[in-house]
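Single-structure report; data block below.
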Amino acid sequence: MGSGLLPDLGTEIFIPVCAVIGIAFALFQWVLVSQVKLSPVASSGSRDSPNKNGYNDYLIEEEEGLNDHNVVMKCAEIQNAISEGATSFLFTEYKYVGIFMVAFAALIFVFLGSVEGFSTKPQPCSYDPKRTCKPALATAAFSTISFLLGAVTSVVSGFLGMKIATYANARTTLEARKGVGKAFIVAFRSGAVMGFLLAANGLVVLFITINVFKLYYGDDWSGLFESITGYGLGGSSMALFGRVGGGIYTKAADVGADLVGKVERNIPEDDPRNPAVIADNVGDNVGDIAGMGSDLFGSYAEASCAALVVASISSFGIDHDYTGMLYPLLISSMGILVCLITTLFATDFFEIKLVSEIEPALKKQLIISTVLMTVGIAIITFISVPATFTIFNFGTQKVVHNWQLFLCVAVGLWAGLIIGFVTEYYTSNAYSPVQDVADSCRTGAATNVIFGLALGYKSVIIPIFAIAVSIYVSFSFAAMYGVAVAALGMLSTIATGLAIDAYGPISDNAGGIAEMAGMSHRIRERTDALDAAGNTTAAIGKGFAIGSAALVSLALFGAFVSRASISTVDVLTPKVFIGLIVGAMLPYWFSAMTMKSVGSAALKMVEEVRRQFNTIPGLMEGTAKPDYATCVKISTDASIKEMIPPGALVMLTPLIVGIFFGVETLSGVLAGSLVSGVQIAISASNTGGAWDNAKKYIEAGASEHARTLGPKGSDPHKAAVIGDTIGDPLKDTSGPSLNILIKLMAVESLVFAPFFATHGGLLFKLL
């Protein structure tokens, strides 16, 4: 079959060098952000020094005669409170998750070790019985190690993201005094720090793990890459708890703060008199930042693992073509270089001078990264992959050309862009769908809810067609390997995607800090403009995450079917069909759990906020301080307690089905949960995003139509706030967690496939 132009030594140098460049670029961006000082003297600018974004660096406070020193000190104090709250919550969460991690690692070792009765003797290879491979006990040990590595990397990714966001929020607020362009650059650079650190760390840890494991496995590449799948399982299992726990925390506080503060008491969002305001801002960091970071790291790890497992039993693995084998990692390496160039377009090549330029600048990031990445993929494919090679396709080897593999990755990449833009159309208040939802608030909350739900269901259509086309094209060209690399194509620009995604919560926090510090309403207008653009881009990020999750879980499903030695998955057999119908039900069960958790936590929060308003004298007048700590504690306790049942549902279902009903029923469960989970996730995320931006559309009053619905406190505005609070758990808890459900069940089934194939189906064996 031959090999590509890139020698193995070139691959061994290129991948770690790209990872180091990514980390260095992230640190450089962090240094630039840190130059905005949280001290009054350094942050005051001069009237005479023109700044890059078309403004002079004099401050609004100087215009309005306010005390600059007090404003800066107040911002620093609020930032400190948010950072401490977020750190405290994550440490509490990781303590519980750490116990689970150790217990589940032991389970992996025991289950996989028992496949061959804990034998240390070499065994015939599953795909070529004439050859001998390493014992099952080795796979058990190395799978356990890679699971722990994936889990730790996921936790670190989330924690670093949170630390960066809480470091940048007040700095964004302070820069907003000098102009919207300055504030945008600080928020975007901070998002880039998170994006590049996460992409580079995920890549370098996986690369080192493969090379260290190779020292033991030698020529047994199918065993080596089978044990690497634990890395994806570790990443996603931590992401599940991060997303669910963080989502419950942030939405309990958000719903409590909005319902009492805005609807009942008619005070602004993030008003310092609101007892839930600190918990709300902490929640943005633990849910939208830490949870999302872990989630996208999990997607990246699983897509890489799925591609590597299929490649190891194809000609790359059989012929020991090291460069061809590491093609998935080469795509991710090129992605870091492409995203680096793309980021410079937002921070250095172009200037933002007006509020109206923010959202187009973020959209250009997606377009530029996709166009550049298409060229990057072409270069990587034609130098690293031989002209023809074979891919394992359910028992046969399919001949594939390198140009076909390029098209597989490219179709995934462009499908991601389409999903992103469709999501933007349905969730941005610049377009008619959200404006229609806002208009429906004239007749109250009920019509708002009806319009919002309809919008969410309708928004599923085009993304599903985009996913369907990318699956058909990639599978036709390169079987399940094509689907796995299509998912990697969608995730190849993860550094830019994360930068855009993290930018939103940072801007949201910046607006909250401006309000709490009593800064000028003009600053709040600027941060609100940043936040509104961030809201839409966060919805785009969720669209990417859900689309890539669909492709990743299908690729993992294919790897599981191959690994469990299932020749065909026949829907007409009762074993498979019962799995299919139960699997389709699971996303509803999971969503019910997470929604109920947010509801019950929000109930406690609403009662506490009401109690404080009613019992603390002078709170409404601003002469007394609320008890923020009690609200933070309510959110923390609720999220830690409530994240366990949904997490247990996802983690235990594959084990129970595999052990008692066998691999055929489990294949039905995986297919059913994938098909229904993707639809619910897209509609939930887009419904919530549309309700949120319909509320912001009325609040901003930027058009004549919006002004007829406002101002804040009007009946249409109150109806919009109710829609927003219903949408909060949909878009930030249930929706984003569902993509982890479909990926996690698939990767867990793949890791335990040898055990299920050997010892599974106990009930059917008894009958």
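From the backbone N, Cα and C atoms, a Cβ is placed for every residue, glycine too.
What TrEMBL records for this protein:
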- 13-33: transmembrane segment (TRANSMEM)
- 96-115: transmembrane segment (TRANSMEM)
- 135-162: transmembrane segment (TRANSMEM)
- 183-210: transmembrane segment (TRANSMEM)
- 325-346: transmembrane segment (TRANSMEM)
- 366-391: transmembrane segment (TRANSMEM)
- 403-427: transmembrane segment (TRANSMEM)
- 448-473: transmembrane segment (TRANSMEM)
- 479-500: transmembrane segment (TRANSMEM)
- 544-566: transmembrane segment (TRANSMEM)
- 572-590: transmembrane segment (TRANSMEM)
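At the 8 Å Cβ threshold, with sequence separation of at least 6, the transmembrane segment (13-33) lacks contact with the transmembrane segment (544-566), having fewer than 3 such pairs. The stretches the transmembrane segment (183-210) and the transmembrane segment (366-391) are not in mutual contact, being linked by fewer than three Cβ pairs under 8 Å (pairs 6 or more apart in sequence). Stretch with the most C-beta contacts under 8 angstroms to the transmembrane segment (135-162), considering only 96-115, 366-391, 448-473: 96-115. Below 8 A, the CB atoms of the transmembrane segment (325-346) and the transmembrane segment (572-590) form no more than two pairs separated by six or more positions in the chain, fewer than 3 in all.
Note on the transmembrane segment (366-391): residues 1-6, 11, 310-311, 314-316, 321, 323-324, 327, 330-331, 334-335, 337-339, 341-342, 345, 397-403, 405-406, 409-410, 413-414, 416-417, 420-421, 478-482, 489, 492-493, 496-497, 500, 540 of its chain, located 6 or more positions outside it, place their CB under 8 angstroms from a CB of the stretch. Across 403-427, 479-500, 544-566, stretch 403-427 shows the highest tally of CB pairs under 8 A with the transmembrane segment (448-473). Long-range contacts of the transmembrane segment (403-427) within its own chain (CB-CB distance under 8 A, at least 6 residues past either end) are made by residues 327, 331, 363, 366-367, 370, 373-374, 377-378, 381-382, 385, 433-434, 455-456, 458-459, 462-463, 466-467, 469-470, 473-474, 477-478, 481-483, 485-493, 535-537, 539-540, 542-544, 546-548, 551, 685-686, 689-690, 693.
Through the fold, the transmembrane segment (544-566) approaches residues 126, 226, 229, 232, 292, 295-296, 299, 302-303, 305-307, 309-310, 313, 392, 394, 412, 415-416, 419-420, 463, 466-467, 470-471, 474, 479-481, 483-484, 486-487, 490-491, 497, 663-664, 666-667, 670-671, 674, 678, 681-682, 685, 735-736, 738-740, 742-743, 745-747, 749-750, 753-754, 756-757 of its own chain, all at least 6 residues removed from its boundaries and within a Cβ separation under 8 Å.
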